[in-house]
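Visitor: Dropping the structure in here first, questions after.
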Amino acid sequence: MVLLDMLIVLCGQTVATLLGRYYYNSGGNSKWMATLTISGGSPLLAILLLLTPRDPVGEPRPAAAKMVPIYLGLGTLIGFDNLMYSYALQYLPVSTFALVAATQLAFNSVTSRLINAQRFTALIANSVVVLTFSAALLGVGSSSDGTSAADLPRGKYTLGFILTLSASAVFALILSLFEVTFEKAVRGRTLRWVLRVQMCTNFVAATVAVCGLLASGEWRTIPGEMAAFEDGRARYVATLVGTAVSWQAMSVATLRLITRVSSLFANVTGTVSLPLVPVFAVVLFGDRMTGIKAVAMLMAVWGFLSYVYQHYLDGRRAAAMGGQGGAAECCVCKARAGGEAALPA
């Protein structure tokens, strides 16, 4: 199930990012509409919730008075984080956007340490440093991407870079807050609870996007935007629906990885899509794979492999101690052991 969730995260994030860029490339211009697609697919989760078996007897049921403030707080944070990502995706080529967004892993390492007491080793530190420098290499200037200087107004590239970094930091915080929510408030990790938390927080985020769409007046431009869309009205609707579905699939799988393993592991899984997005962007959108971008991509992969190797060492250590009759010391298993014992099979 963990491997399945990882596959869904990879496919969902890759498809959603590419469709988001396709929306802008084909004539879409509403940032609030793009923001809405990230969380607007949350009502679809109600269908899955109805088809999912009810919680087992004895499953923790936190009071609504305890969960509502969490839904409102996390949902509002998600809504504004989605807005920053929407602006950033318009101002950066999709390959550059994907590589700069890799800094969310570095930020998540910090938030996981501070909020979730994640063990911080030399290999994880190496991953943080390498990924940070990978993003900084792209942010030196618009000259690092041959498509940006000619295609974007002055200052937009820098603004997109700053927004992507800010959104990545907030996203890392959100993942850590989700982890602590399931550990301290929900105290259950069934699929129904994953769907329930995802649906409620994303409904709040979608409400923030709808309010922004109405308050900004962008809703008046939607009919004209749809009519002027490069590939027609049907393709316009299909693009938005496909983006919304992809983001929801990716978000649910990410939340399941958080509950099964950790927020940092879920974030690392999303980082695996980094080599995929630029390749598809070169093929579909004509982005240039410059030398600097290629080096940055290799550094991002290096950072990811450092983290994977740390999990490999944890697994070997746990197996060795288990063979000696000792308790497993894997940081993930150790953190989850107490909670899993209280859960029904």
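One-based numbering along the chain as shown.
Heads up, the Cβ atoms here are built off N, Cα and C, so glycines get one too.
Unlike curated records, TrEMBL annotations are generated automatically.
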Visitor: TrEMBL tags one of 193-216, 313-336 as transmembrane segment - which one?
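Guide: In TrEMBL, residues 193-216 carry the label transmembrane segment.
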Visitor: Three or more CB pairs closer than 8 Å, sequence separation of 6 or more: does that hold for the transmembrane segment (63-85) against the transmembrane segment (291-309)?
Guide: no
Visitor: When only pairs 6 or more apart in sequence are counted, do the transmembrane segment (291-309) and the transmembrane segment (160-181) reach 3 or more Cβ pairs under 8 Å?
Guide: no
Visitor: Quick one: find which recorded stretch in 32-51, 160-181, 193-216, 236-257 has the most Cβ pairs under 8 Å with the transmembrane segment (91-108).
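Guide: Against the transmembrane segment (91-108), the leading stretch is 160-181.
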